[in-house]
Amino acid sequence: MAFNSIVFLYMFLPITLVLYYLLPDKASNTKIKSIVLIVLSLIFYSWGDIKYLPLLLLATIFNYLALEGWTWFRMTKGESLTAKILFALIVVLNVALLASGKYFLKTMPLAISFYTFKMLSAVFDIRKSLIESEAERLENQGLVLERKEAELDAIYPTYIWTNFKKNIKLNFTNFLLYISFFPELIIGPISRFKNFIPSIEKAKKSWNNLYQGLLRFLPALFVKVLIVDEIGALRTDLLNGLGDNLGVLEAWLVAIFYMIYIYLDFASYSAMAVGLSRTLGFDSPENFNNPYSAVSITDFWRRWHMSLSSWFRDYVYIPLGGNRKGLARQLLNITIVWALTGIWHGNQLNFLLWGLFYAVILIMEKMFLLKTMERLPKVVRRIITLFIVNMGWVLFAFPNTKDLFSMLGSMFGANGWSNGEGIYVLTGNIFLILIALLATSELFTKFLKNLRENESWNKPYILVIRHLVTLILLVISTAYILDQSFASFLYFQF
C-alpha cells in the first residue's frame, strides 16, 4: 500500500487514526496501542501482496530470539570468544537475508533493504548498551544494575539490562512494532532502535500532533502527485521519444529532470512518513535537509538520505576505525563504506560505480578539494556541487552500460546541440519546471516549516485560511490520483 493511493488516503489512514485515537491514552494501555499499531502495520505491508509477510515475521522472530539468547549468554559468560562468534553470526545471517532477498530472488521482498537495517540497528545498539552498562555500572532511580538481570530497559541514550519493573523494556511487542511501524516500513526513514523504543512509551495522542502531522503530510502528497509524477513523465517521454538521438539540450534536460524527480519523490515520501508518525505521537528522523543547497559533496551527504548515511557512519565507518587510524586507513574506510552504499541499492554495476564515484570525490575533498573550494564564492561552490551530483545521478539512473555511455555522449555533444524537442518541452512546460525547481530549494522548505511552526500563523482568520488551503490540497491531489495511472515511489525498488 502506498501513501499516494486512494485506499490509503480514504480507508486505511482514517480507520487507523480513529482506532488509535479511541484508545485510552494511559501508560497501562501502551501495550494495547502497540498491538493495534502492529496489526495495522502488518495489514499495510500485506495489502498489495501478502506473500512476503511470513519472511518479515520470521526475520523479526529470529532476531528477537537471537538477541534474547545472545544477551543472556553475554551477561552470564562475559565477552568470550564464543559470545563474539555468536554476535558475528547474528550479523552475518541478517546480511545474508538482505543479500539473498535483493540479489538472488527474482522479485525482491518489499522493504527488505530497510527492515534488515533496522534489525541490524537493534543488534548493534543492544551490544553497545551492554558494553556501556558493564563499563559504567550505571545506577538509575536508586536501582543498582547487576550483570545477572535479564530485562532490557531504556535509559536514554543507552539501553542496559535491568529488572522487569522498569517502564520501557525490550519485549517482542516493542521489537515487532519497531520493525513493522508502517510510516517507516517501506522506504524509511531508518529509525534507530535506541531512539524508537523510548518513543513507544512517550508517544502521546493530541490534536496538535494530529494537526501538525497532517500539515506535514498533505503538502508532501501534493508535491508527489502534481509535481514529481509530472516531471518523471517529462523525462520518460524525452527518453522514449528520442532514444539515442538526444541532443545536448535534451540530454541535460533528462539529467536535470531526473535530479529533480529523485529528490522530490524520495523527500516527499519521507516528509509524509514523518507527518504520519507525528499524527501517532512518534518522531521519525528527518531524512533530508535541503541537499541541493550543499556547497560540497561532503555537505551534500550530510543532507541527503540522512538516516542511511548516518547508519553507515555509525555502524560501519566508525567501527572500521573512522578517521582514528591514520589517513590511509581513513581513505580505505571511506571506499568500503561507499562501495557498500552502492551495493545496498542493487547488484547492477552502475550502483557500485556510483558508490565508488562518490568515494573518489569525498577522498579528493578530504585531501585537498575542500580547501580549494573554500576560496570560491558560495554560489560557485553550489554550482560545482550540483554538477557533480548530477553526474552521479546519471550513473545511478542507467543500469545498462551502453545506455549510460550513450547518455554521457549526448550530454557532451555527440549528437549535436538540439533536435528541437528540448525547446518544445521547455516552452510547453515552463511553469511546471519552475515550480519543480522552487520545490527543490531551501526557500520552499523554510516556507513549509514556517507555515507549521510560526505562531503568527495561528490567528483565527489565518487558521481558517490554512485549513481551507490544506483541504484544497487534499481535493486537488485526490483528483489527480483518480485521473492518472498509479505512480509508485522510486525507492520502492531498493
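Yeah, the Cβs are placed from backbone N, Cα and C, and that goes for glycine too.
Taken from TrEMBL, the feature transmembrane segment applies to 6-23, 30-47, 85-105, 175-193, 214-234, 246-264, 351-370, 382-401, 421-440, 461-482.
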Same-chain residues near the transmembrane segment (6-23), Cβ under 8 Å, at least 6 residues beyond its ends: 29, 32-33, 36-37, 40, 43-44, 47, 205, 210, 221, 276, 279-280, 474, 478, 481-482
Outside the transmembrane segment (382-401), six or more residues from its ends: residues with CB under 8 Å to it: 255-256, 258-259, 262, 291-297, 299-300, 345-346, 348-351, 353-354, 357-358, 361, 373, 376, 407-408, 411
Annotated stretches the transmembrane segment (421-440) and the transmembrane segment (246-264) touching (3 or more Cβ pairs under 8 Å): yes
Among the ranges 30-47, 85-105, 175-193, 214-234, 246-264, the one whose Cβ pairs under 8 Å to the transmembrane segment (461-482) are most numerous: 214-234
Listed stretch, out of 175-193, 214-234, 246-264, that has the most CB pairs under 8 angstroms to the transmembrane segment (30-47): 175-193
Sequence-remote partners of the transmembrane segment (85-105) [C-beta within less than 8 Å, at least six residues beyond its ends]: 55, 59, 62-63, 66-67, 69-70, 73-74, 112-113, 116-117, 119-120, 123, 127, 346-347
